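**Student:** Sharing a structure here in structure tokens format.
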């Protein structure tokens, strides 16, 4: 009996072909979505400033991506079983690729309110399309890995980190070499190229509607704490994108490398944290991670209470 159980356990630990293809598809959406989010960092604030957008407006343009991503995920999650997870995944990637290319054409729009409105519209559409793909991705992963979904999602965060790493330096390099349009056209074409690949390799999983209430889940104390943690840590990364490039414009010669330095530790440390999560108490890692982040943010300013100039 022990030999049979060990054989079954060993078989269950092996990835099937469908599971492997599912991971590849999910990794592609994590990677491309973070590239689309971070590619604007080195050059868009200064370009928007030339078009008459204030720092506050630039920050809102960055922030609307996450806002519409959040709101759309709530809505599309309720209709996932009717639409179909694979269709939503592929359609979301296709629309996002087209919209990313369209964002590269905004330098042709006249400055002032017209430019700002189009930035919000295109950025929001990009967020909505990626929200559809990400929501479908989570549903597909839950179906493909019902017993170890937490491990799979944690490992896929490495590809989100890679997207954050490659987005700013790639965008800055293409902007300096070829102008405003090329970074978005290049990234949009990469996303569009992934669409037929995912259509072929992604297995079709039926989404089963659930009767459990979303609000009943979200109002659980532990879930609320985790949501607050994710919100605050995401804000820590997000606030630097619209502000840092303007702040260092006259202080650093190559700000693309600085953005790379800000984000390049993310996937490496993500791997280390993932290894720790499998061996140590997660609660203490969560607490220490938040404390270290708070100390680093105090030093980044630096905070006035530290009296450091």
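Positions of Cβ are set from backbone N, Cα and C atoms, glycine also.
What TrEMBL records for this protein is below:
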type: TRANSMEM; residues: 20-40; note: transmembrane segment
type: DOMAIN; residues: 22-309; note: domain 'Major facilitator superfamily (MFS) profile'
type: TRANSMEM; residues: 60-80; note: transmembrane segment
type: TRANSMEM; residues: 87-106; note: transmembrane segment
type: TRANSMEM; residues: 112-142; note: transmembrane segment
type: TRANSMEM; residues: 149-170; note: transmembrane segment
type: TRANSMEM; residues: 182-202; note: transmembrane segment
type: TRANSMEM; residues: 214-240; note: transmembrane segment
type: TRANSMEM; residues: 260-277; note: transmembrane segment
type: TRANSMEM; residues: 284-306; note: transmembrane segment
**Student:** When only pairs 6 or more apart in sequence are counted, do the transmembrane segment (112-142) and the transmembrane segment (20-40) reach 3 or more Cβ pairs under 8 Å?
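**Tutor:** Answer yes: the transmembrane segment (112-142) meets the transmembrane segment (20-40) with 3 or more Cβ pairs below 8 Å.
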**Student:** Short question: most Cβ pairs under 8 Å with the transmembrane segment (20-40), which of 60-80, 149-170, 182-202, 284-306?
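**Tutor:** That would be 149-170.
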**Student:** Across the domain 'Major facilitator superfamily (MFS) profile' (22-309), what is the average pLDDT of the model, as a whole number?
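**Tutor:** Mean pLDDT across the domain 'Major facilitator superfamily (MFS) profile' (22-309) comes out at 78.
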**Student:** Which stretch from 60-80, 149-170, 182-202, 284-306 shares the most C-beta pairs under 8 Å with the transmembrane segment (87-106)?
**Tutor:** 182-202
